[in-house]
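Chemist: I'd like to ask you about the structure that follows.
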Amino acid sequence: MDQPLVLNTFMLLTLATLLTPIILPLLSNNLKNTTTTITNTVKTSFLISLIPMAIHIHSGTESLISLWEWKFIMNFKIPISLKMDFYSLTFFPIALFVSWSILQFASWYMASDPYITKFFTYLLFFLIAMLILIISNNLFLLFIGWEGVGIMSFLLISWWQGRAEANTAALQAVLYNRAGDVGLILCMAWLASTMNTWEIHQIQLPNQTPTLPLLGLILAAAAKSAQFGLHPWLPAAMEGPTPVSALLHSSTMVVAGIFLLIRTHPLFNNNPTALSLCLCLGAISTLFAAMCALTQNDIKKIIAFSTSSQLGLMMVTIGLNLPQLAFLHISTHAFFKAMLFLCSGSIIHSLNGEQDIRKMGGLQKMLPTTTSCLTIGNLALMGMPFLAGFYSKDQIIESLNTSYLNTWALTLTLLATSFTAIYTLRMTLTVQTGFPRIPPLAPVNENNPAILAPITRLALGSITAGFLITSYILPTKTPPTTMPLSIKITAIVVTALGMALAMELSKMTQILIMPKQTPMSNFSSALGYFNPLIHRFSTTSLLGGGQKIASHLVDLSWYKLMGPEGLASLQLMATKAATSLHTGLIKAYLGAFALSILIMIVSTY
Amino acid sequence: APGAMAAYLTHQQKVLRLYKKSLRHLESWCIQRDKYRYFACLLRDRFDKNKDVKDMVKATALLKAGEEEFWASQHPQPYIFPDSPGGTSYERYECYKV
């Protein structure tokens, strides 16, 4: 059997299946889309994509195909090439599985929406753009996918466009992503001029890569994956409906930045500056996001900051020069994070739109499946041994602990791990346990297969995905084989400490002592004061600087002072200085003038 | 028109608005209901102690002190009902209105 051919065929068939709901309605008026058709399309696509993954696991087959070539200029060709390696072959089924579950959930969540088919079509467009990004071997095609997911993110966040905050959030997402695109285009320009290609398998440098294009790539990844400095758009993106948050802003779109760094990691291999920058940026991001999540009261914001924190952890892994481990974390994270969002969506809908955890409680008896899966997802997130998150997260912390790199980054990451345990347990305890604080007539109901099936499916994935992926895939770099016991159990000990602290704190909330504002809690509540500082400061300085340039520099200085008024003032200065020299006696001047002319005429004779 | 809002608030209206918003922020601080009820009763007692002050200067001074105390101890993320301005569902269905 010609395995690469089978691989190519099935991957292209996957993409083609996803295109059918877009193309078929254009051909005939009878072939209108419905939510069921789109969900079933994605399900079929998922099942088809399992075959290439199985072939790859079985025999390690990879393939690289080139579909069409844009003959740009004579020396520079842009082939539309697709790379089917471990990363794309594994991520396709995962992304499609998660998308299928989310679409099935969305058919219940958005059932009351009159434009639900448009919603599903948008999600499908997003999925296609994301898969193009994953499978592309050429940075040009990747950029098409990159922009595609950015645009669909904009359209989906502002789904309820009558809401002012949703529009602001969508604009914020687009602008921050644009800032990252600058970096990506910079790197592409450098690649085109130095290596004359945008093909990922052709970009190898024997000696050290210059740092500037790598900075561009890191900027692109920082914007797309919400690292510190370019992170505010991710919590704001929770304005979109919950299926959007589950698909885009937890499993797929936000990992596109990390995926870019994984794809281009040969460039990073020999540049320790860039790797250290990734490490430190990731460590700061993970700690900052975990700190902000500690005092959030909106369930979706907690999960959003949790996503941001895990993305920081993935960036840390890139900084450790372990791209495959970062990919493993992407894969396992997709499962439990999407499930957390779906569970929160089920809770929100049951409580008639209530998203504040202070008005939830005691839901364990009312929504048993949802809360059980919420617990499983939270345990997986915390790195409970042998659930999905453990295989990736524990390995990352072990590698960080045993490497000779930045200890400061290690400390921040461990602190963030304990914070993860704290806010996760806080969310679990507040939402599920205790006495109910919900309004009495809440339509609490989860008896719908459209909710239960996706959530339980993803729960199964959260439990088994880590184990399955690590069983079948050999690591490309040798993981640390021996380490002292204290290093080995660091992650678990730190998480357990966090959990113990969270239990203590939750017990303290029941004591009759009045809580109050403190500087640290205010810092966390205000998300580090980052949003007002940067949003207002940068815009006012830009606009103020622009105004100063227009009025003072151009109008006053260039047009006036360097031109007529400057000359006039110079003249004025000269005349004022000369004024004191003369006395103004015209007759005397004329007499002296006539006398000198007379003397000159007489002296010539 | 009868029942319309006046241009100025009476002293009673101001005090009652302070009471309600401090209760709402107390609810944001004290998540468990029994703890909230305890502190709400204490707060009610504080308001009730000064209920019969007839001197308007003193009453206004008390109100001002109360507002300042509220400002200092308000919750940074007060609970807002989903459909209220600032809530998560506010204006959500504007785009579907004709």
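Glycine residues also receive a Cβ, built from the backbone N, Cα and C atoms like all the rest.
Caution: TrEMBL annotation is automatic and unverified by curators.
Summarising the annotation, TrEMBL assigns domain 'NADH-Ubiquinone oxidoreductase (complex I) chain 5 N-terminal' to A:70-120. The domain 'NADH:quinone oxidoreductase/Mrp antiporter transmembrane' annotation in TrEMBL covers A:136-415. Residues or ranges marked as domain 'NADH dehydrogenase subunit 5 C-terminal' by TrEMBL: A:423-602. Per TrEMBL, the feature transmembrane segment maps to A:6-27, A:86-103, A:115-135, A:242-262, A:274-295, A:302-320, A:326-348, A:369-388, A:408-429, A:450-473, A:485-506, A:585-603.
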Chemist: Is it true that the transmembrane segment (A:408-429) and the transmembrane segment (A:302-320) have 3 or more Cβ pairs under 8 Å, skipping pairs fewer than 6 apart in sequence?
Modeler: yes
Chemist: Short question: which residues 6 or more past the ends of the transmembrane segment (A:115-135) have a Cβ under 8 Å from it?
Modeler: 11, 14-15, 18-19, 21-22, 32-35, 38-39, 41-42, 82-84, 87-88, 91-92, 95-96, 99, 102-103, 106-107, 141-142, 144-146, 148-149, 151-153, 155-156, 159, 241, 243-244, 247-248, 252-253, 256, 259
Chemist: Give the nonlocal contacts of the transmembrane segment (A:369-388) in its own chain as ranges (CB under 8 Å, at least six residues past its ends).
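Modeler: Those are 306, 310, 332, 335-337, 339-340, 343-344, 346-347, 363, 394, 417, 420-421, 424-425, 427-428, 431-432, 446, 451-452, 455-456, 458-459, 461-467, 491-492, 495, 498-499, in sequence order.
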Chemist: Are there at least 3 C-beta pairs under 8 angstroms linking the transmembrane segment (A:86-103) and the transmembrane segment (A:302-320), leaving out pairs fewer than 6 apart in sequence?
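Modeler: Taking Cβ pairs at least 6 residues apart, the transmembrane segment (A:86-103) and the transmembrane segment (A:302-320) are not in contact, as fewer than 3 fall under 8 Å.
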Chemist: In the predicted model, what is the mean pLDDT computed over the domain 'NADH dehydrogenase subunit 5 C-terminal' (A:423-602)?
Modeler: 90
Chemist: When DSSP states are grouped into helix, strand and coil, how many residues of the domain 'NADH-Ubiquinone oxidoreductase (complex I) chain 5 N-terminal' (A:70-120) land in each?
Modeler: 29 helix, 10 strand, 12 coil
Chemist: In the same chain, which residue numbers or ranges, 6 or more beyond the ends of the transmembrane segment (A:450-473), come under 8 angstroms Cβ to Cβ?
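Modeler: Answer is 57, 86, 90, 94, 97-98, 100-102, 104-105, 107-108, 324, 328, 331-332, 335-336, 338-339, 342-343, 346, 369-370, 372-373, 376-377, 380, 386-392.
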